[in-house]
Each structure stands twice: as C-alpha cells, then as structure tokens.
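First the structure, in the form of structure tokens, and then the observations on it.
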C-alpha cells in the first residue's frame with residue numbers, strides 16, 4: 001500500500017488532532033510533525049497534545065505508526081562538546097513520541113564543524129545513538145541523507161551504513177531525502193540504475209522513511225533547497241517512481257515541498273503523485 005503524506009503543523013490549539021485533520025483534508029494517509037519549533041528545543045507537555053481526541057476521531061484513518069516525528073535542526077549529535085545536551089534532548093523527544101505511539105523519528109546526523117575528521121564525527125554520532133537507545137524503547141531513529149552543505153556528515157550512503165552497522169541495533173535506520181541525495185550528486189533520474197545501486201550495496205533494506213522533494217538546483221550542487229513537485233530539476237516522472245515502487249509500499253513518503261502561510265501545495269501534489 002502506498003503511504004503518502006506531508007509535513008503538517010503541530011500547533012495550538014489542537015496540536016495532534018489539528019495535524020491529522022490537515023493531513024486527511026489533503027488526501028494523505030500518513031504525516032510528519034515536529035513536536036515543537038524545528039529551530040529550538042521548546043516543547044509543551046504531552047498532556048496538551050489532544051492525544052485522546054486523536055484516538056477517538058482520527059486514529060482509524062491515520063494510525064500512530066504512520067505519523068513520523070522529525071527532530072529539530074538544532075540538535076548536533078556529531079559534536080562532542082554539545083553531545084550531552086543532544087542526547088538528553090533526544091531521549092526526551094523519543095519519550096514524547098512514545099506517548100503518541102510513533103514508530104519513526106527522523107534525525108539530521110549533524111555537522112563536524114571542521115572540528116574533527118569526518119570519520120571521527122561519525123564515531124561521535126555512533127556513541128550518541130547508542131546512549132539514546134540505552135535510555136529509550138520501541139522508536140526507530142532514521143538518519144536522514146544530507147545534501148553535503150557546509151560540514152554536514154552523511155551526505156553519502158556509505159557513511160550512513162557505516163553508522164548503522166557500528167550501532168548494530170535494528171532501531172537505527174535511514175530516511176532517504178530525494179532533494180538531498182540529488183544535491184549530493186546521486187543521479188536518481190536514472191531510476192533503474194539508482195535502484196540497482198541501492199540493492200547491490202544493501203542500502204534499500206535500511207530505508208524506513210522517504211522525504212519526497214524536488215530540488216531548486218542541479219545535481220551535486222550541495223545546496224539543499226527544496227522545490228515543489230515538477231518545479232525543480234528532478235521532475236515529476238522520477239518522483240512518481242518512488243511513490244509507485246512496490247519496494248516502498250508501507251513506507252511513509254513525506255512531502256516537504258515549499259508552502260506559505262496562506263497556501264499549501266500538498267493536496268494537489270498528493271493527487272498528482274498518486275495518479276498512474
């Protein structure tokens with residue numbers, strides 16, 4: 001079954017109920033939320049989530065396991081001097097996600113900030129992930145493929161697989177972002193060759209969430225600028241291949257394409273992507 005949705009607002013007064021209603025209004029059957037502003041660590045009490053209302057009204061239409069939580073951008077688990085804060089915050093974030101019954105939390109792997117070689121930053125990330133897993137249960141942390149902007153780590157599949165192998169726990173997996181891997185240099189427009197690459201290198205089985213975005217920039221730009229579907233360099237034909245690929249059935253595919261305060265593309269984009 002295709003699971004297709006988008007990032008939706010998790011905000012007062014209705015929080016979870018409002019987010020899932022927005023998703024259903026867009027024709028989605030999955031969703032992604034931030035449990036607070038993505039730029040900071042401010043969080044409300046779980047008692048304000050309207051979780052019981054969600055259970056009563058919407059849980060039969062979008063199950064908790066089909067709601068993805070995205071960790072905030074400020075968390076850098078690959079920086080040793082900031083890792084204690086990152087671990088403590090992410091443990092609490094996983095616990096908040098557990099309250100809802102979330103299955104997947106997406107995490108940006110971090111930056112080395114020119115403080116360490118890439119390999120050392122990856123090992124710092126491994127250490128942090130192990131500490132988080134020791135203090136949490138159930139939820140799987142999905143490391144997002146990055147565009148390689150600045151000192152971002154994990155802009156290639158090899159590095160993400162290295163981290164996952166070193167952690168050696170089924171609760172660490174991958175979130176594939178189409179804009180990011182395009183900007184990192186992967187030619188996903190040659191979809192069959194790209195898919196073969198994923199299979200041949202044992203990357204396909206690691207993917208548990210997909211962020212489906214077009215890119216404002218050409219391949220290998222390392223810019224990380226999302227575009228609306230078919231309005232960038234990747235184009236609709238390629239992005240539809242991800243949606244209709246049987247290997248990605250039952251994996252939440254999440255749109256993070258640009259929207260404004262007064263306009264959302266998601267209803268139209270979901271309809272367009274689902275069309276055969």
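Quick reminder: no glycine exception, Cβ is built from N, Cα and C everywhere.
The model shown is predicted, which means the values in this text are computed figures rather than measured ones.
According to Swiss-Prot, the Zn(2+) 1 binding site annotation covers 70, 108, 144, on the basis of sequence analysis. Among the features that Swiss-Prot reports, Zn(2+) 2 binding site is placed at 144, 177, 211, 256, with the record citing sequence analysis. The annotation Zn(2+) 3 binding site is assigned in Swiss-Prot to 180, 224, 226 on the grounds of sequence analysis.
Locations of recorded Swiss-Prot features on the structure.
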| residue | record | DSSP (3 states) |
| --- | --- | --- |
| 70 | Zn(2+) 1 binding site | strand |
| 108 | Zn(2+) 1 binding site | coil |
| 144 | Zn(2+) 1 binding site | strand |
| 177 | Zn(2+) 2 binding site | strand |
| 211 | Zn(2+) 2 binding site | strand |
| 224 | Zn(2+) 3 binding site | coil |
| 256 | Zn(2+) 2 binding site | coil |
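Nearest Cα neighbour of residue 226 (Zn(2+) 3 binding site) among the listed binding-site residues (70, 108, 177, 211, 256): 256. Of all the binding-site residues listed (211, 226), 211 sits in the most crowded Cβ setting, with the most other Cβ atoms within 10 Å.
Within 10 Å of residue 177 (Zn(2+) 2 binding site), counting CA to CA, the binding-site residues 70, 108, 144 contribute 144. The binding-site residues under consideration are 144, 177, 224, 256. Their Cβ neighbour counts within 10 Å are lowest for 256. Measuring Cα to Cα from residue 211 (Zn(2+) 2 binding site), the binding-site residues that fall within 10 Å are 144, 180, out of 70, 108, 144, 180, 224.
The binding-site residues close to residue 144 (Zn(2+) 1 binding site), defined as a CA atom within 10 A of its CA, are 180 out of 180, 224, 256. Taking Cβ-Cβ distances under 8 Å and a sequence separation of 6 or more, the neighbours of residue 180 (Zn(2+) 3 binding site) in its chain are 144, 145, 146, 147, 155, 211, 224. Here the Cβ of residue 108 (Zn(2+) 1 binding site) has 25 other Cβ atoms within 10 Å, regardless of which shown protein chain they belong to. Summary of the Zn(2+) 2 site environment: with the site residues 144, 177, 211, 256 set aside, the chain residues having Cβ atoms within 8 Å of the Cβ mean position are 106, 145, 175, 176, 178, 179, 180, 210, 213, 254.
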